[in-house]
Amino acid sequence: MSKRLFGTDGLRGQVNIFPMTAEVALRMGLAAGSYFRNGKQRHKVIIGKDTRLSGYVFESALTSGLCAMGMDVFQVGPMPTPAVSFLTRNMRADLGIVISASHNPFMDNGIKFFDSSGHKLPDAVEDEIADMVLSQDTQWDYPQAEKVGRAYKIEDARGRYIVYLKYSFPQDMTLNGVKLVLDCANGAAYSLGHMFEELGAEVVRIGDKPNGLNINDKCGSLYPDILGQRVVEEHADLGLALDGDADRLIVVDEKGQVLDGDVIMAMCAADLMERGKLNHNMLVATVMSNMALENFMKENGGSLLRTPVGDRYVVEAMRREGAILGGEQSGHLIFKEFSTTGDGLLAALQLLRILCVKNRPLSELSGLLELYPQKLQNVHVKRKRPFEEVPAVQDALKQVEQELAGKGRVLLRYSGTESVARVMVEAEDSSKVELYTSELAGVLEEHLR
């Protein structure tokens, strides 16, 4: 039952269509309050959101449910997802909640949770909360009237987050002489660009005028080519593209070339290994990361540990293995020394530190990783049947794997947040990548639509 609610990154869907309705959000607040309330002390919840118009709806509904269960709610307004994770730890809160659909368009929204340590909730806890939300038999254990919660607005949350971010950058280093273009996707980080200016950089801003409807609209991490054009026009040193909730980063070099999460991870891993600071010489990434990244780590005396897709699974593996660097090709980058989740602005500062230390163009520094040709194609599906239960899909998959003969990879997976099957093919020969991706997508369209 609960799997109808939570995907790989919390609850997500189209606004005013189940499950993204005010009614579900109210019950979500009641359920979360019921689950996390314990003892006689006052309980704190941090709620942040991105810039979607519908954020007001879900912020109010969640707040009502939580306060009804005796939780005090601290609303921080538009705020990056990683900022809510940080503030949950910093303010000693019991729970952090983010209202965002990340890189999705404005008509979607979502809800995700952080525990008191700033980590995303385990699947089992999400499932318990979801079962309370969905069950018609749930009996709410309301507190007495004098013990209901209050709602507060925190005005200095942005300042706290910026101080924390700047702490991750060397105190004796500045960004004097660096010119960058920052694309905030008209999202949660729209007002935070001055942080780079405080460190000395010249900043050209785009995607920093949200109106509630333009989040991720032809801007941000899904449209790096637009950023690349602007970087070249401005003669900037690099471009930084965030998504709607600023938990991911895509970078553009001074020539306008796009660098994805794999390239950024390779640069950061190389820097940490060079300084003897990469624990176990291990990098954690997902099954989507390019084979070239895995080979790069091996060639440099390290290793790559792969996880299922989702930065939460990367973080879980990092905690288990004692790794300090991990991420996703999509731009979620986790620096465990400073953060418990993906943080686009934090990752940007770590990359800028390398750029300043090396004093070389980004296009040269990124040349350490030559990616194998890779293609990802989405196929819309009516329902997510297990691939192993569809003989035609299994036959096509086996045939492609045999033809690649170990010189490439094929990955079929369902999106955790959309009704989409994803086909990923990777090989040394780009023509084979195109051919096999098209063939497999055709089989999925025929048998899963």
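The backbone N, Cα and C atoms fix where each Cβ goes, glycine too.
Here's what Swiss-Prot has on this protein:
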ACT_SITE  SER102  active site, phosphoserine intermediate
BINDING   SER102, ASP243, ASP245, ASP247  Mg(2+) binding site
MOD_RES   SER102  phosphoserine
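ASP245 (Mg(2+) binding site) has a Cβ environment of 36 other Cβ atoms inside 10 Å. Secondary structure at ASP243 (Mg(2+) binding site), as computed by DSSP, is coil. Each of ASP50, PRO80, THR81, SER100, HIS103, GLY187, ALA188, LEU242, GLY244, ALA246, ARG248, GLY344 belongs to the same chain as SER102, ASP243, ASP245, ASP247, is absent from that list, and has a C-beta within 8 angstroms of the C-beta centroid marking the Mg(2+) site.
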